[in-house]
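*Asks:* I'd like to ask some things about the structure below.
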Amino acid sequence: MKYEKLLPRFLEYVKVNTRSDENSTTTPSTQALVEFAHKMGEDMKALGLKDVHYLESNGYVIGTIPANTDKKVRKIGLLAHLDTADFNAEGVNPQILENYDGESVIQLGDTEFTLDPKDFPNLKNYKGQTLVHTDGTTLLGSDDKSGVAEIMTLADYLLNINPDFEHGEIRVGFGPDEEIGVGADKFDVADFDVDFAYTVDGGPLGELQYETFSAAGAVIEFQGKNVHPGTAKNMMVNALQLAIDYHNALPEFDRPEKTEGREGFFHLLKLDGTPEEARAQYIIRDHEEGKFNERKALMQEIADKMNAELGQNRVKPVIKDQYYNMAQIIEKDMSIIDIAKKAMENLDIAPIIEPIRGGTDGSKISFMGLPTPNLFAGGENMHGRFEFVSVQTMEKAVDTLLEIIRLNNEVAK
């Protein structure tokens, strides 16, 4: 194995349950995330990182790999998130499959679940590689503990294995609650103090992402008028029916299951209620600013039209922006994309530069003034029991970070 401690680190990290809690009012959202951040801080100190500190204000643990060159080069930040998605993360029991043949069905522990190339054709890309997968009862946590392990392995390499590898100052940060969309809300750009950064939070080999969705959330309250159904004619207003009518007024094909690429959507996350009152929760996504604003306006227009027809204000939307397409920031200086692309090409990795149908912590951090695109970390089928990662892809992620650092030495600050 190229980096001896990369896999052991990853296996250690994924066994810790750091599932974030969207219903929490604290930062981080769970005590487990606080404890894991402190554990990472101790590990960072053990590797030799300097100025390691935990920020109570946002749950991030930060450390520094000091420069070992006199060149005036740009300071690089590397970020990954410690939390995992909303799927069972208790008792993660990673399974290791060496020299996968690229075609066999992989049994997930003792469960009835399998990784079948017929269902997951991406498996065919991993012939001859070592895969880490789940036992079928939990997620794996490669999102984003692959990124955490890769950054820690990079730090170990620079500080202990090959301390003569020339580099400028590198700052490392691990934070909470990315999966519930609030992890970067309180990120401290001034404390991190770098010229540019990358989140190591992408998927398969070669992913390089700087264009995200712009995102908003919408909560629609429906006020009905409930009377006995036997005498309801011309009197009852069923709030649940209002919710159905509202949803049906949205474009039928603008849904996640019917869109791809640069196409945006409305996604109904939750609908509950009674004839008296109901509540629908949506997310709104689009890459283009104009279309994003049009989607938000449409949700208000539908409510206004329904209220006019009802003669009463019974449909009440509240729409709040969540994050914006970070391409608006990064396209002002594409050098950090160019250097990452060049690093991959130097390593015979084909860069995959496509819009993210989602967001990253970098979306918010970029709008705070720190351009932060996203690099691959290796995970596939993330957020569930079918998640897996290739050890060789994780190694190439470390290689890519090292090559970015090497190329950065050639760019004067």
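One is the number of the first residue shown, and numbering goes on along the chain from there.
Cβ atoms here come from the backbone N, Cα and C positions, even for glycine.
Residues or ranges marked as active site in Swiss-Prot: Asp83. Residues or ranges marked as active site, proton acceptor by Swiss-Prot: Glu178. Annotation comment: Swiss-Prot describes His81, Asp143, Asp201 as Zn(2+) 1 binding site. Per Swiss-Prot, the feature Zn(2+) 2 binding site maps to Asp143, Glu179, His383.
On this model, are these features tucked inside or out on the surface, and what's nearby?
*Replies:* The Cβ of Asp83 (active site) has 28 neighbouring Cβ atoms from other residues within 10 Å, across all protein chains displayed.
Sequence-distant neighbours of Glu178 (active site, proton acceptor) (same chain, six or more apart, CB under 8 Å from its CB) are Ser20, His81, Asp83, Asp144, Ala184, Asp201, Thr360, Asp361, listed in sequence order. Under DSSP, Glu178 (active site, proton acceptor) is assigned to coil, being neither helix nor strand in the three-state scheme.
Following the DSSP three-state reduction, the secondary structure of Asp201 (Zn(2+) 1 binding site) is strand.
Within the same chain, residues at least 6 positions away in sequence whose Cβ sits under 8 Å from that of Glu179 (Zn(2+) 2 binding site) are Ser20, His81, Asp83, Thr84, Ala85, Asp86, Asp143.
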*Asks:* To test your reading of the Zn(2+) 1 site: which residues beyond His81, Asp143, Asp201, same chain only, put their Cβ within 8 Å of the Cβ centroid of those residues?
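*Replies:* Apart from His81, Asp143, Asp201, the close residues are Ala80, Asp144, Gly147, Glu178, Glu179, Thr199, Val200, Thr360, Asp361, Ala377.
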*Asks:* Which residues of the same chain, at least 6 positions away in sequence, have a Cβ lying under 8 Å from the Cβ of His383 (Zn(2+) 2 binding site)?
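*Replies:* Listed in sequence order: Ala85, Asp86, Phe87, Leu139, Asp143.
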